[in-house]
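**Student:** Relevant sequence annotations retrieved from TrEMBL are reproduced here:
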type	residues	note
ACT_SITE	GLU220	active site, proton donor/acceptor
BINDING	GLU154, HIS172, GLU220	Zn(2+) binding site
DOMAIN	100-224	domain 'VOC'
DOMAIN	230-354	domain 'VOC'
Amino acid sequence: MVLVRVVPMASSSSIRPTLSSLRFLTPSSLSLSNPSSRISFSHLPSPSVSQSNSFGLKASRELRQHGNSTRIMASGHVSQSISAASPENVLEWVKQDKRRMLHVVYRVGDLDRTIKFYTECLGMKLLRKRDIPEEKYTNAFLGYGPEDSHFVIELTYNYGVDKYDIGTGFGHFGIAVDDVAKAVELIRAKGGKITREPGPVKGGRSVIAFIEDPDGYKFELIERGPTPEPLCQVMLRVGDLNRSIEFYEKAFGMELLRTRDNPEYKYTIAMLGYGPEDKSTVLELTYNYGVTEYDKGNAYAQIAVGTDDVYKTAEAIKLAGGKITREPGALPGINTKITACLDPDGWKSVFVDNVDFLKELE
């Protein structure tokens, strides 16, 4: 299998949750609700699709103060609103929030086949697998370290659905390896598909290669020394790079790590994240000259990000021009608080409360 050297992850003040039971409803062919006692964000509905959730835990009441504005609804749920704060204060708070990219969610047509490829060819570990027969789906979590300290992949298999449309907007995932050439030969020997042979990146010096998994998702292999976070990139295409950079800086609190323009090949990239590229997972945004819209398909779902306060997060997203697709609050029947949003290009993210998910892990 691919040799991926993982150095110990430094302790982080942000808590990485395990996500395994919330399902957002999509068209009837995909069954997404999950009554299990853990939480998972495994599907990406379009904004026009209604959302509902089913849970197997007893409902609980929670009183959490945001200023002086907590009120209990007749149904027993808690409705919370943020006390008046200036936009400047909210956006400044984002910079101080304890955030980290937690996992990425996407759908596959044959779960066992994908697990075999990721473990044998990419050197990942199967962290856990969960089947929900009453809801007709199974999910699996894979990565290079525990979910509480590493960015991981959540795969979702919906019974009877063996193919998805990846679209043109999703780009690839990045994996840091010691030796790209050796990694490619190992993958080739196991029947993997190589779409770009090892060599320097266009317009740069980093040695890379590209492969495809059995469902057609692309992985970029990046030659790099030992790192605490081998699963190091998620690349998405956007229609206005400056607009996207501003949004992710303001709403997500990400840092713009670098940009690179390649006029010869007519594209520009921007790397954003919560830490340096060699030590943490980053979001790579790509702008292709003159292309303002992309087909997102129905395969890729979303990323999840931890936060200390989903209410302030939602306010910041609105102030930055994002669209809230799920208002912040505790999930029905469970105390975990979340909010979900779309960026200006329609890419979805879910923010989850750090402390609540620590409880879910326990």
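From the backbone N, Cα and C atoms, a Cβ is placed for every residue, glycine too.
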**Student:** Tell me, if you would, which residue among GLU154, GLU220 (recorded positions) has the fewest other CB atoms within 10 Å in the structure shown?
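**Tutor:** Taking GLU154, GLU220 as the recorded positions, the minimal 10 Å Cβ count falls on GLU220.
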**Student:** For the domain 'VOC' (100-224), give the DSSP counts of helix residues, strand residues and coil residues.
**Tutor:** 23 helix, 58 strand, 44 coil
**Student:** Let me know how many other Cβ atoms fall within 10 Å of the Cβ of HIS172 (Zn(2+) binding site).
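**Tutor:** I get 19 for this one.
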**Student:** Roughly how many angstrom lie between the C-alpha atoms of the residue listed as 'active site, proton donor/acceptor' and GLU154 (Zn(2+) binding site)?
**Tutor:** 18
**Student:** If you average per-residue pLDDT over the domain 'VOC' (100-224), what number do you get?
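**Tutor:** That region's mean pLDDT is 95.
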